[in-house]
Structure formats: C-alpha cells, structure tokens
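Asks: Before anything else, here's the structure in question.
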Amino acid sequence: MSSSAPAAETWLLENGNIKPLSKEMRHGHGRSYSRTAHNVSSSSLRKKSDLTLVRKVPCAVIRDVLANVQEVIFGTKLFVLFIAIPFAILAHNKNFGSSWVFGLSLLGLTPLAERVSFLTEQIAFFTGPTVGGLLNATCGNATELIIAIFALIQHKVDVVKYSLLGSILSNLLLVLGTSLFCGGIANLNKEQKYDRKQSDVNSLLLLLGLLCHVLPLMFRYAGVGESAAITAEATLQLSRVSCIVMLIAYIGYLAFQLWTHRQFFDSQTEENEDDDLVEEEAVLGFWSAFAWLVGMTLIIALLSEYVVGTIESASDSWGISVSFISVILLPIVGNAAEHAGAVIFAFKNKLDISLGVALGSATQIAMFVVPLCVIVAWIVGVRMDLDFNLLETGSLALAIIVTAFTLQDGTSHYIKGLVLLLCYIVIGACFFVTNKPQTQPNGVNLVSSTEGITRV
C-alpha cells in the first residue's frame, strides 16, 4: 500500500462503526487472498458507500443494519434493478401473467449474481486463499447452477441443456468477442497482449469437455441399427462415466489454479492492485457476509423457480422458441454484471482479466456445472445425458475451436473480436428460427428423457 495515501486503509463494519481491519485478518492469518478475474471484473460495477449519515445513528444495532444495507444493496451500480424482485413476487402471487413473472425474475437475477460475487469475496478475506478460491469456484456460476437444479426437479432436461450451452457460448463468443472488439477499438495505436498460459489451460479443458459431449452423440448415431432403448441406455451410462472424468479434471484444475501453479492466475490481477485498491477492502464482517450470502441465495432460488416455471408460457406469449430464450436470453441477462466488467477492463487494455472472466466461466460451466447436473439428475432419478443433439453440439464445437484459434498467438486486435461476435450472431439466429416440435426425425428431442420418448 502506497505511503502517499495513508488514509487508504482496510476497514471493517462492526456494530455500525468503522474499524480498521488488521493485516492478519485481511490476509487470513498471514495467507494473502488473491482476487480472481471474476472478482476484479465484478468490482468495476461497484461503488464506494458513503457512511457519513449512518455513523450518526445513535442505536448501535440500527447503525449496524443500515451500514450493511448500504454496502450490500446500494453498493452496486445495478441497485435500481433490485426493485424487480418484489414486483416479480407480486406478479407471481397476483397472477399478472407468466411473461411478466419471467421478465421481472430475469431482471431481478442480474444484480443478485453480482452481489453473490461481492459477498463471496468478502468471506474470502477471512478464510484465506484456499477456502476463498474454492468458494469462488463453487459460487462463481451460482445462478446457472440453481436454475439448472430447479429445471431438473421439474424434469425439464431440455432447459438445463440449453441454458448451460448458452452460458458457454455467451462467454466464449459474446463476452470474449465484445471484450476483444472494444479493447481493440479503444487501443488502436497499441498492440494488446495477454498471457497465453492461462488461456492454453482453459482451452485444453474445454476440448476435453467437448470430447465428452461428442462421444455420446457419435455413439447414438453409430448404433442406428440397434434397439433405440439399448442405445439410449448405453449413451446414458457413457455420459455418467464421462461426467465423473470431467469432475476429476476440474478438481485437478482447481489444484493447478490454487496450489501448484497459482502464479499463472495471480499475475493477471497484480497490475490492477493499485487501480482497485478500494475494492480490495473488506467492508463486512464474516458472519454478516455469510448471512447476506444465504439470503441472496434463497432469493436467487425463488426467482430461478419462477424462471423455470414460466419459460414455456413466456415463449408462447413472446412468440420466441424456448431454445432461443434458454441459449441467448438467460445467459446474457443472468451474467450481465460480470460480462460488463470484462468489457470495461478490455477498454483499459487489461485483457488478462477479460480472458480470465470469459474462459474461466466457460470452463467452470463445461467442466463442473454440466457434469454436476448430470450427477444430480442421476441421484434424483432423472435421465440426463451429455448428448446435446447435433445442432447444439456442433455449435459448441465450432465455438471452442474458433476461440482456441483466436487466442493462439497471445496478441489481439478488433477483427478477432468482430469475428467472434459474428459467430455468436449466426448461432443466435439459428436458435431463433429453430422452433421444432417435441420430436423430430433428425434426432432432436426437446422432451425430458424421463417421459420415455425415444429419438428416431
């Protein structure tokens, strides 16, 4: 910390009073906490709270509550979207229409996703780098995971597959493409460079995940002459084994990221420490942050239930296919805060953070959320496999391959981002015009496999 700014200390809200957070507490008893690219990116949409009026409240309990509300609710530039949450609940209880419930729930999820990132970062200040890293790895895509679990409970396997596929595509093509394009336009006279080591690791994991998706699809088409029931059962078993392999790979990735090669992932945020010094301060106590995190998670669960329960009705009302809503709209709105942060840092010529957000999130969904959903479906008795059908798997394969080629030389310019964006537009248009009935002769099946409808 610079000596020229003695007032820039780390503070802690405790009993409504502003207290300096000791170095030992700040670094988890001597273990420094390194912020991930997701944390740094999300911090770009936060704002420093003015607690002058709060400190004048005489009652310590009320002062503590108001200080926490000030930091958690009004500490983000997206706080105006919180008003959508009570309106979504009201629309659901008063039967205003499924499309209203769906739209308001999506808007309400936008600030909640950013606040979960903020709260996990606050907790990580007290738990140290290892637990903090694991917490970020688990909660980094909490919105997608909760929506997927509720969809599985309601046997909407197609919504799960489409939403997770859309999250991967949006990160690889939309977020990364927008970041490279905007960064290239804003820095026309500079050669934008980034560290290839992290992108190489993420690309390898994404290719492994792609292999686990392609094999069940190829296996189904290779067994055309066999009984459909036998082929479907074998495909399901292959998918479950592949998911176990993917989870093992993700655990290895966490060990690589948090322990053995941590310097690969720390280096991308070191140069931003001075710029984001205020955001590195812990402003909540551990138990306050934990309580807020539990509350935010419960609200996300409630809104996710609304989203899953009304997606078909919203599709009929808006005249848009469920596939387009799940692949395009859900990921864009649900992760708008994180995506905006990635683009902002690309404008600042800090591509390592932008790449860390896009590739890190895509890797987490592909190698953790997707296989975890298959395992959870296995546990609850829902037949979900990794066969995402030909169109969906082909889109995923092309997105991963194009992204890998784009990042192979360690430099960037706006034309790379433009190509990625155009790829996303073409894929989005494909899902927009796709409005197939529940069974099609090309093997696409939008009905939950639990209903016993076999592919032709």
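The backbone N, Cα and C atoms fix where each Cβ goes, glycine too.
Reproduced below are the annotations present in TrEMBL:
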| type | residues | note |
| --- | --- | --- |
| DOMAIN | 99-259 | domain 'Sodium/calcium exchanger membrane region' |
| DOMAIN | 289-427 | domain 'Sodium/calcium exchanger membrane region' |
| TRANSMEM | 72-90 | transmembrane segment |
| TRANSMEM | 96-113 | transmembrane segment |
| TRANSMEM | 134-153 | transmembrane segment |
| TRANSMEM | 165-189 | transmembrane segment |
| TRANSMEM | 201-219 | transmembrane segment |
| TRANSMEM | 239-261 | transmembrane segment |
| TRANSMEM | 282-304 | transmembrane segment |
| TRANSMEM | 324-347 | transmembrane segment |
| TRANSMEM | 359-382 | transmembrane segment |
| TRANSMEM | 388-407 | transmembrane segment |
| TRANSMEM | 414-434 | transmembrane segment |
Asks: Under 8 angstroms for C-beta pairs, at least 3 of them, ignoring pairs fewer than 6 apart in sequence. Is the transmembrane segment (96-113) in contact with the transmembrane segment (282-304) by that rule?
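Replies: The answer is yes, given that the two segments have at least 3 Cβ pairs within the 8 Å cut-off.
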Asks: For the transmembrane segment (201-219) and the transmembrane segment (324-347), check the count of CB pairs under 8 Å (sequence separation 6 or more) and say whether it reaches 3 or more.
Replies: no
Asks: Looking only at residues six or more beyond either end of the transmembrane segment (165-189), which have a C-beta under 8 A from one in the stretch?
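Replies: Here the qualifying positions are 141, 144, 206, 326-328, 330-332, 334-335, 339, 342-343, 345-347, 349, 351, 354-355, 357-359, 361-362, 365-366, 369, 388, 392, 395-396, 399-400, 402-403, 406, 412-421, 423-424, 427.
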Asks: Considering pairs 6 or more residues apart, do the transmembrane segment (414-434) and the transmembrane segment (72-90) have at least three CB pairs under 8 Å?
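Replies: No, these stretches are not in contact.
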Asks: Please list the DSSP helix, strand and coil residue counts for the domain 'Sodium/calcium exchanger membrane region' (289-427).
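Replies: Result for the domain 'Sodium/calcium exchanger membrane region' (289-427), in helix, strand, coil order: 116 helix, 2 strand, 21 coil.
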Asks: Please indicate, using numbers and ranges, the residues of the same chain that are 6 or more beyond the transmembrane segment (324-347) and have a C-beta under 8 Å from a C-beta there.
Replies: 38, 40-45, 76, 78, 106-107, 109-111, 113-114, 117, 143-144, 147, 158-159, 162-163, 165-167, 169-171, 174-176, 178-180, 182-183, 186, 272, 307, 311, 314-315, 318, 353-354, 357-358, 361, 427-428, 431-432, 434
Asks: With Cβ-Cβ distances below 8 Å as the criterion, list the same-chain residues six or more beyond the ends of the transmembrane segment (239-261) that contact it, or say none.
Replies: 129-130, 133-134, 137, 201, 205, 208-209, 212, 215-216, 363-364, 366-368, 370-372, 374-375, 378, 384-387
